[in-house]
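I have placed the structure first, in the form of structure tokens, so that the comments after it can refer back to it.
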């Protein structure tokens, strides 16, 4: 199976209000009979905390059908269940208005059942409102269902006030057991919300699930809809019917009617089969006789058709108004996903590594003068890790690679990762399938020509007009264009003489024989209105596939940008050209104000705390006696108190990202497995507050918001730390401004926090006295890679023009570089260098590699010995 991006916020199971009619387009219904069936097996959940469980003799113990621990995806059948939520009442409701009591109502949102929010009626001016209203949801207990109960104050003249939200994990419920809960919202004021839950079997629905233990893809149906006009048209212009299917990928479409029996125009809707979806259809406005009607047109009432009772393959006809009929047929979608669910490497990368090992083994035998060749399991996986820094990182990486090539370490490397400006070098190199076997001095000379050229012609009207046409085409293909795309066009102009139509997937030609290291480009996925502290996710790109290791979800790189739903490809969009990827990978304009403050100050907690919602776990409040649980892994029940109006306004200003790159989310529609937090792979990358709030994670988002990784930590280590890649030696090439050791120290701290095997930070020197190379290891951790760290500094290069070759007095000036000073020609904002500045930086980078050959060989031998010991004593 493969993987890809798109998304919205719709999900899977439906819900209906037990005491009220349907809201929306209309209430006229045609309801076929419901087929009955038997449930294959039963699934129970636990009781918890401040809950009173009734009828304990009927409780069914937990027996999950799809308890996932493996790294690959699995398929199985699981029944759906009916959940009834009875909102009983509240006591001591907090006062929202100064002059009167709260006009209180409660909304219910369960996104794993439906995107529609349900609400109780409003009870005005009451301290102890009582509703006694019931709502019914159809849920899948193999996914993480968290019900959000929001208490609101209704205002007639202004926007309703959101007082608080209770997040309740439904995995605490026992099957066939009424659970009576009093949520202690404010123990000091004795404010509480009283709710009753009942989970029952649904004997008519059992669906096929595909999961990797973190994400779950549910069964999807396709509804084909034709519209027929029952009388001849008098006009040439067709009037379309407006058709909406709730919780579907398409949501709303216009369907042109035609004459029977030919149906040239049809619409397709894709929806989760067991979400209790509704179809709403509205006929075109009809003209009235002015003698009988005060207006010239008459709006037809919409009609509604529930879809959960349609039989697959059977055509159902629905009258719409007086003159139209809808003919609809439901059919199951394929269970084969286009998103690859799994944490292992894709087959293409596995095959590449096997081919590359042959190249590496031959190179190492010559480098180390080995008497015997290396066995396959003895060949170390060496990776080159480059950081960001604009043109400075691009130019320095050329110099470093030139040095590594001369030492044969380039041919010994299996991976090369980069972010920001380093990706400019990588993308240029991989346009040539044989680049690493050629003398890189030719490529460096060509790069020099472009770095020193004048960039002002890029802003001339004729050039801007061409870019405008390109961006319009990009938008017409289905992409949301931003200033980041313009930035990508400017990078393209700065790196070459003509338009580059290459794609990321085209770089596979440079890997087909294992002739070059595998390039991996890194960004982070963020939220438009949330600080990086609260939410960020690693997102990697390779010529084979793109995806997120935290979820174990990947798609072929040529499908990046296409639209997906529940793991299935809905609409293929042309793969973006490389210039747009370069703009994305170095999207320096996507930073919000709060993240900028965090990067430049150590006292960021002031703004962070002042603008953040208050979270209060009420799991341990001794309001009610504890009840034994059947499930060991429920989320804590949490009360979320919104920020004040002023804080919220301030936060919107601070967290807004006006130029963030948006791409269709290939996880859209999928849901999280009920035990996703216990999954070892997810836990490895679970590093933000929102990871324990499943309704806020990426699978519910329409778009991915991708950002330059340097805004979190200026390194591209994450792809190399995946245990599946088994990297033994990482050559860290640092190009960041400011503290040279900060990215490495941040990575060490991150790995310690996440329990990822990595060396401890052991550099004692300050930035003014750093050495050219450090070798770091962690002898206590067998799986920790060896790290050879190269800060971008000018040390012995000031006196030596080559290792062991001193400079003459006339050459001393060539060894002086102002890399990080206030008037440095290498500042991150600089796109253009002088020829002298370019040459100095390339020679410095090359020299630092060549001058530390012995340390690189030392690091290599350590990595090989560690790998040999690990293979002899597998853990």
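Backbone N, Cα and C define each Cβ position, glycine as well.
If you look up Swiss-Prot, you'll see 420 marked as active site, nucleophile, on the strength of similarity to another entry. With a 10 A radius on its CB, residue 420 (active site, nucleophile) counts 30 other CB atoms from all the protein chains.
Here Swiss-Prot flags 708 as active site, proton acceptor. Neighbour count (other Cβ atoms within 10 Å of the Cβ, all protein chains): 25 for residue 708 (active site, proton acceptor).
According to DSSP, residue 153 (Ca(2+) 2 binding site) is assigned to a strand segment. Taken from Swiss-Prot, the feature Ca(2+) 2 binding site covers 97, 153, 155, 161, and the record attributes it to sequence analysis.
The feature Ca(2+) 1 binding site is assigned by Swiss-Prot to 97, 103, 153, 155, with sequence analysis given as support. Over all protein chains present, the Cβ of residue 103 (Ca(2+) 1 binding site) has 21 other Cβ atoms lying within 10 Å.
The compositional bias 'Low complexity' feature in Swiss-Prot is assigned to 61-70.
The domain 'C2' annotation in Swiss-Prot covers 60-183.
As annotated by Swiss-Prot, domain 'PLA2c' applies to 332-875, with the evidence given as sequence analysis.
For 16-70, the entry in Swiss-Prot reads region 'Disordered'.
What Swiss-Prot records for 865-875 is region 'Required for localization at membrane structures', and it gives experimental evidence as the kind of evidence. Sorting each residue of the region 'Required for localization at membrane structures' (865-875) by its DSSP state yields 8 helix, 0 strand, 3 coil.
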In terms of Cβ proximity under 8 Å, which residues at least six beyond the ends of the region 'Required for localization at membrane structures' (865-875) contact it?
377-378, 380, 728, 777, 782-783, 786
Would you mind checking how many other C-beta atoms are within 10 angstroms of the C-beta on residue 161 (Ca(2+) 2 binding site)?
16
Give the residue counts of the domain 'C2' (60-183) per reduced DSSP state, in the order helix, strand, coil.
3 helix, 65 strand, 56 coil
I need the most crowded of these binding-site residues: 153, 155. Count other C-beta atoms within 10 angstroms of each C-beta and give me the top one.
153
How long is the line from the C-alpha of residue 708 (active site, proton acceptor) to the C-alpha of residue 155 (Ca(2+) 2 binding site), rounded to the nearest angstrom?
42
Can you grab the distance from residue 155 (Ca(2+) 2 binding site) over to residue 103 (Ca(2+) 1 binding site)? Cα atoms, rounded to a whole Å.
8
Calculate the distance in Å between the alpha carbons (Cα) of residue 161 (Ca(2+) 2 binding site) and residue 103 (Ca(2+) 1 binding site), and round it to a whole number.
10
Which whole-number value in Å describes the distance between the Cα atoms of residue 420 (active site, nucleophile) and residue 153 (Ca(2+) 2 binding site)?
47
Between the Cα atoms of residue 103 (Ca(2+) 1 binding site) and residue 153 (Ca(2+) 2 binding site), what distance do you get, rounded to the nearest Å?
5
